[in-house]
Structures are given as C-alpha cells and as structure tokens.
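In what follows, a structure is listed as structure tokens, so that the remarks can point back to it.
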Amino acid sequence: MVNLEIILGVVMFTAIVLALVAIILAARARLVSTGDVTIRINGEKEVTAPAGGKLLQTLANSGIFLSSACGGGGTCAQCKCKVTSGGGSMLSTEQSHFTRRDEKEGYRLSCQVSVKQDMDVEVPEEVFGVKAWECTVESNPNVATFIKELTLKLPEGENVDFRAGGYVQLEAPAHTVNYKDFDIEEEYRGDWDKFNLWKFVSKVDETVIRAYSMANYPEEKGIVKFNIRIASPPPGKDDLPPGQMSSYVFSLKPGDKIKVYGPFGEFFAKDTDAEMVFVGGGAGMAPMRSHIFDQLKRLNSKRKISFWYGARSVREAFYTEEYDKLQEENENFEWHLALSDPQPEDNWEGKTGFIHNVLYESYLKDHPAPEDCEFYMCGPPMMNASVIKMLEDLGVEKENILLDDFGG
C-alpha cells in the first residue's frame, strides 16, 4: 500500500512538472519570436531575417547601416526610422526623443525595436550608400597627452565617398585591454604617470560600436583619419569603467584590423558666401581639419575663413605646422591658437585664456556683423556651451551655429 502511494505521488509530481513545462513552452512560443520574418524597406526592398533581435542590428546584418553614435544604447537617437507596421508600441526609452506627432507618424529608435513579426519600415535613401570595410591600422601615435591620431588604410581600391564634416562608425569586438600595454610616446607620459592611468583595465563582453568624425578631407583618399581622446575614469572615480571604444583604439597597433561603417553625417558646410568661423578644442580638431582643408585645398574657397583653437599648453596643440602653412598659402584664411594653461617651458607669447573669451575679445567684440557669419564648432561640452551662449548674446541666429557633438 505504501509503495502504491509513493508511485502515485511520483506520477502526480511528474505530471505536474510536465504540465508546467508545457505551459512554459507554450508561453515562450507566444512571447519569444522564432523563425524568419520579412522586413519591407521603403515599400520596395525586402529582406528575410531571423526574429528575436533588434531592428538596428537586423538591418545591419542585411547590409543596411543606420547611424548609431551610442552603439545601440538608445541615447543618441540617430538610428531613428519609421516603422509603419509590425513594430509594436513605442517604449518608454524612446518617448523622450519624439513628439506626439512623430509617434503618430511611426518614428522609432531602431535600436529599441524588437523584430518579432513581418515589418514595414522607412529609412533615409542615403542609408543605401553606407558601406562596411575591414581596415588596417596604418599608424596610431599620440598627438596630445590623451589624444591619438588613428589612421586606417582601406582595402585596395576602396574609398569612403564622404562630405567634409562627416563621420563613420568603428566596431570593436569583445576584448580586454590593459592600459599598461598602451604605446604612449615619452613626451606625453608625464600625466599618465602622475594620475597612474596605467592601472586601468577595460573589459568588454560584447561588440561595441561608436561614431567618430573624420579628420581627413575627401581628397585624402584610401584612408580614414581620426583624433580620438581616451575616456579614462576621472580622478577619484576609479570605480567607473574606462571608455570602451577609446580604450580599444588606444590599444591598436600598425597592422591591426578594425571594422568601419559609413559614411554618415549632417555637420556639413553651407553653400553660401558667408564668412566662416571655426571654433575647436581637444579632439574636436577632427571635423575642423576636414572642413578647413576641404574649403581651401579642394574647393579653393575665397570665403573669409578663420579658425580658433583652444588647448591647455603647447604639448596639447597639434597640426600647428599644417595650419601655419595654410595661412601662408591663403590670404583669406587665418588661425589662432589660445592656451588656457601655458607651461613655463612653452615660452608662450601668444593668446591665453579660454577660446570663447579669446574669440570674443580678439575678434567678435569689434566685428561689424557677427550675426552674418556662419559658426562651426566642435570641442568639449563646456566649450561648446560657452561659445553658443556668447553667439546668442551677439544675436547670431541658431541656423548659423553649427555644432558637431562627436569630437569633444
């Protein structure tokens, strides 16, 4: 009798477990999409892809690359597209980026949209011109204490057809990077030693994608060039992780491979005859160089152009000889370097202070019509904010203040 009760108990327990498993599998089948779905793009092109991923990556796997400066984190809002069917309801992570009208029209962040069923989406036509390359590191020296000039060589016969001020996306695989293994030239090692940056380790368990403005201009073919600043934890914040992509970039050596996607962009020069004033700082040098070289060397522009760049000290200023030469060769161009913290060894006799103050005191204060100029800027957030406020106080309209948020 006891044995029979035990057997019945085991049978009942097994039946309950099997029933629960069946319920879970049924629920999973309803909630987790499997199999392939069809995504119709712009009412014309169709791609078949496995369900379950995010729309941004699903499109990328099919060779359609939407811009995503934040690498799919839902913060930059550059991967927006229209999802007219099959996308479900807008998520709370998307709502701050769109108006109610945008939501009604179907705008979504593709990095937040799950691919669960057949979908209809609309993307900008220029997206179809975006390509992917596996590039080779040609060089990666420091040009300032915390900034590398990364030059990548494209595959033989390939070229990035971009406009000055454009950007591409770099992809880093999962990796572990030790700062102690970085190649930092002797003249720049002082602050690395002072702040003991060698102790940091960047460990990344998944693919990382970030956007960087190009420092080369369209006539410099066969390569892409960047000015990339290391994003190490601030002093006293050792518990914060280092920048994932910048740490990876600082570890790259000649001959290494890295994937590049692009081109993208919206920080383009206006086609007018207005005076152009460029303002930069830090790694914001990249799009400044691209624009200025394009205007003077490719377009042979006769517009009045000036460039105002801020750095801490002489050691942190780069491309100075290139700009000196441009100034000698072009009577319509002049450039000004201002140091906020010149060192005794600099023997600096030039302009000092923060670049927005120098620009105002040295030029805009007595300019007859600053509101008629076009201002292009890229630099650290505090610099950008200070320059924008100054320009607004001078009566410059927003459409004449162009900002690249990538280069700081």
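Yeah, the Cβs are placed from backbone N, Cα and C, and that goes for glycine too.
Record features, source Swiss-Prot:
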type	residues	note
BINDING	Cys70, Cys76, Cys79, Cys111	[2Fe-2S] cluster binding site
DOMAIN	35-127	domain '2Fe-2S ferredoxin-type'
DOMAIN	130-270	domain 'FAD-binding FR-type'
TRANSMEM	6-26	transmembrane segment
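Residue environment of Cys111 ([2Fe-2S] cluster binding site) contains 24 other Cβ atoms, counted within 10 Å of its Cβ in all protein chains.
The sparsest Cβ neighbourhood within 10 Å, among the listed binding-site residues (Cys70, Cys76, Cys79), is found at Cys70. One way to see the shell of the [2Fe-2S] cluster site is to take the Cβ centroid of Cys70, Cys76, Cys79, Cys111; the remaining same-chain residues with a Cβ within 8 Å of it are Leu56, Ser67, Ser68, Ala69, Gly71, Gly72, Gly73, Gly74, Thr75, Ala77, Gln78, Leu109. In the three-state DSSP reading, Cys79 ([2Fe-2S] cluster binding site) counts as coil.
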